[in-house]
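> The structure that follows is given in the form of structure tokens.
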Amino acid sequence: MSTFCLGLFVICIIGIFLDASHAQLQLNFYAKSCPKAEKIIEDYVHKHITKAPSLAAALLRLHFHDCFVRGCDGSVLLNFTSSTKNQTEKVAIPNQTLRGFSFIDRVKKIVEAECPGVVSCADIVTLIARDSIVVTGGPFWNVPTGRRDGKISNASEALANIPPPTSNLSSLQTSFANKGLDLKDLVLLSGAHTIGVSHCSSFSTRLYNFTGVLGTQDPSLDSEYASNLKGKKCKSINDNTTIVEMDPGSFRTFDLNYYKLLLKRRGLFQSDSALTTSATTKSFINQLVKGSLEEFNAEFAKAMEKMGRIEVKTGSAGEIRKQCAFVNK
């Protein structure tokens with residue numbers, strides 16, 4: 001217990017209270033209050049993600065976008081309501097291509113039927129992200145639970161806190177440091193780009209308008225790769241619908257190919273290429289490529305568990321939403 005009592009009972013009580021607030025999350029938090037919760041979630045994910053494996057990357061991204069705004073509190077799930085007139089995180093530019101909201105809602109409904117008002121949407125998002133990656137053959141990581149759901153969601157905060165795909169290393173480092181994550185975490189969590197797809201609009205300026213002058217291309221992008229993207233995928237700077245694999249040829253497999261492509265200057269986003277612009281981050285990438293998939297999986301798992309603890313609400317903070325898209329009345 002971190003308390004210096006000085007013989008005063010009241011100071012001891014404050015110390016105990018602070019310790020309790022820092023206890024935060026724990027494994028099997030729902031063991032007594034809803035013992036079947038994690039199994040219900042796992043079973044649903046296994047049943048449905050095997051039929052729609054591309055959703056795994058989307059659900060992982062949803063978790064990331066949630067945690068980077070007000071912490072991992074399910075605030076990204078909240079809908080606009082006429083009563084508050086507040087534009088929520090969902091409508092912010094970084095979140096307009098998010099998928100998986102209806103998947104979360106379906107899982108929440110099943111869990112609510114088992115244990116009404118017990119399991120938070122924030123925990124459901126976190127557990128689903130982990131279980132989805134496991135289904136795709138990716139690593140398992142521990143998910144301590146006990147998160148509470150936030151009551152506030154602002155589009156402006158999402159725009160300010162979620163690093164865009166055009167980020168350079170300096171801005172990425174700042175964004176991650178603001179959430180208690182370091183450069184190693186940045187490299188590891190970027191490894192999630194080994195699965196999934198992106199819209200052309202997230203990187204088309206690299207192909208067509210890099211310096212602000214139409215026709216200029218990002219010189220850090222491999223020219224053959226760029227030509228392929230322009231010729232076969234994103235044929236115009238105005239293409240907002242075509243989707244492109246983030247890890248070509250391996251986008252359904254959780255592996256090290258993403259990092260190998262980075263070293264060949266074939267990272268899809270500027271934020272991917274940025275990881276090779278620092279000796280520190282490039283060294284991490286080289287270590288991962290030279291190491292085994294098992295080593296990467298273990299390191300990725302640690303980074304994911306760390307991310308899942310960002311600014312969590314526990315104890316009496318927040319609430320347990322009855323529906324993930326709306327705060328309780």
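Note: Cβ is positioned from N, Cα and C throughout, glycine not excepted.
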> Just choose from CYS34, CYS72 the cysteine that TrEMBL connects to CYS67 via a disulfide.
CYS72
> Which of these links to CYS34 by a disulfide bond in TrEMBL: CYS5, CYS12, CYS115?
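According to TrEMBL, the disulfide partner of CYS34 among CYS5, CYS12, CYS115 is CYS115.
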> Which entry in the list of recorded positions, ARG61, HIS193, has its Cβ near the fewest other Cβ atoms, using 10 Å as the limit?
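Looking at the recorded positions ARG61, HIS193, the Cβ with the fewest others within 10 Å is that of ARG61.
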> Of all the binding-site residues given, namely ASP66, GLY71, ASP73, which is spatially nearest to CYS34 (disulfide bond) at the Cα level?
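For CYS34 (disulfide bond), the spatially nearest of the binding-site residues is ASP73.
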> Do you see any of the recorded positions ASP73, SER75, GLU89, CYS200, CYS324 whose C-alpha is within 10 Å of CYS67 (disulfide bond), and which ones?
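Correct set: ASP73, SER75.
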> If you measure from the Cα of ARG61 (site 'Transition state stabilizer'), which of the recorded positions VAL69, CYS72, SER75, GLU89, HIS193 is the nearest?
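Comparing Cα positions, the candidate nearest ARG61 (site 'Transition state stabilizer') turns out to be HIS193.
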> Please give me the binding-site residues out of VAL69, SER75, GLU89 that lie within 10 Å of CYS121 (disulfide bond), comparing Cα atoms only.
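SER75, listed in sequence order.
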